[in-house]
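Novice: Quick one: structure below, then a few questions.
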């Protein structure tokens with residue numbers, strides 16, 4: 001046995017992979033095949049031999065095809081990039097591979113496909129795009145693949161297939177759209193597929209309405225040759241009355257649509273320069289309408305047109321909103337005079353279309369719209385009182401000149417009335433005080449008159465400095481005598497009052513002789 005070992009050595013060497021000159025590290029290279037799978041690569045490795053015809057890059061972490069990464073591989077025939085992390089394909093990513101026949105992009109994270117992603121692949125026969133996150137196929141996505149025979153799009157999230165999405169696929173024989181989110185498909189979308197032999201549409205949430213009249217009739221007339229017995233079971237998901245029924249078992253009279261109805265409120269709005277504006281357009285109907293905004297061209301030429309930006313994208317077929325309504329938001333930012341004019345909200349579905357006009361007026365001044373004053377909490381102000389704008393506030397300045405003048409006049413009149421009331425009250429109080437007099441004003445001072453009998457003819461009327469009347473007897477004696485004085489025995493009645501006696505205020509005058 002030991003003698004035969006040298007003879008087996010050349011055979012063992014032939015079984016080992018031949019490492020070509022310049023083969024990337026950790027990859028295995030054969031004559032025209034390079035295998036770099038499951039190496040946790042983040043980019044396409046450098047040093048791949050230019051003559052490589054089959055390249056395996058599956059089960060890695062490649063998130064982006066760098067520009068020029070595949071440029072040296074002009075002889076490539078088969079490229080396997082499945083089970084990676086690709087999120088997008090740049091336009092012209094495979095332009096340097098004109099001989100490529102098979103391209104596998106299964107199980108990546110592709111969310112969309114650009115129309116120029118497959119430029120240069122005129123010889124491509126098989127394209128695997130299953131297991132990605134594609135939601136829409138836009139018009140002319142596969143326009144540059146005239147010789148494509150198999151297109152695998154199953155297990156995505158495709159909810160909208162535009163009418164010209166498959167344009168250019170005149171050689172396509174197999175189309176797999178199963179296990180997506182398709183609710184409908186138009187006759188125009190399948191018209192370019194003149195060579196189609198196998199069509200797979202199962203496991204989609206089909207909406208059985210008037211838009212699918214053609215599909216049921218087409219399958220019954222001749223399209224069934226493209227469908228296997230399993231693929232013919234196109235099950236309805238809605239409306240609820242037709243759920244779980246096969247499209248082929250539903251009568252045409254049951255496939256109905258409700259034309260859309262559109263509501264925009266308000267129909268006219270005035271905005272200031274520099275503001276942002278949002279206007280909602282709500283639509284109802286069945287199937288869910290597709291809502292779009294557009295600006296109606298102005299009749300005058302040379303006037304700049306504002307571009308309206310749709311917020312939320314197109315709703316309707318596959319839109320993310322309520323089952324019976326569609327809404328689109330017109331969003332205008334930094335409003336200028338060019339934004340003024342007439343806009344139109346249109347809602348359309350298979351049952352028809354409806355439009356509602358909306359007019360935007362632009363205030364040439366840059367004054368910001370005034371917000372109404374916020375009333376204080378009920379506990380913070382008396383019941384029934386309303387907040388009033390202050391003279392210096394923005395709300396007061398927003399009032400008209402006539403209104404401001406009227407408010408100012410009313411305030412001045414109220415102030416004048418208050419001053420008059422205060423003056424009248426003060427004057428009345430002063431009069432009452434004078435009438436009452438100071439302390440001691442009601443006192444009567446009694447003095448002796450010793451020069452003669454007490455007769456009223458001898459009384460002399462005097463007035464003090466305050467104008468009060470006084471009857472004084474014997475003016476030679478001072479008022480307020482220090483000691484008590486006795487009245488003459490022959491004059492006056494007995495009063496028991498001395499010369500300096502103070503009489504209570506109610507007694508006006510009292511004379512003692």
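Cβ from N, Cα, C; glycine included.
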Novice: According to Swiss-Prot, which listed range is region 'Disordered': 311-337, 338-364, 365-391?
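Specialist: Based on what Swiss-Prot states, region 'Disordered' spans 365-391.
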Novice: Can you check which of 406-426, 427-447, 448-468 Swiss-Prot lists as transmembrane segment?
Specialist: 406-426
Novice: Cβ distance under 8 Å to residue 334 (N-linked glycosylation site), same chain, sequence separation 6 or more: which residues?
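Specialist: Long-range Cβ contacts: 274, 275, 276.
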Novice: If you count Cβ atoms within 10 Å of the Cβ of residue 363 (N-linked glycosylation site), leaving out that atom itself, what do you get?
Specialist: 15
Novice: Going by DSSP, how much of the domain 'LRRNT' (21-50) is helix, how much is strand and how much is coil, in residues?
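Specialist: Its residues fall into 0 helix, 5 strand, 25 coil.
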Novice: What does DSSP call residue 363 (N-linked glycosylation site) in the simple three-state scheme?
Specialist: strand
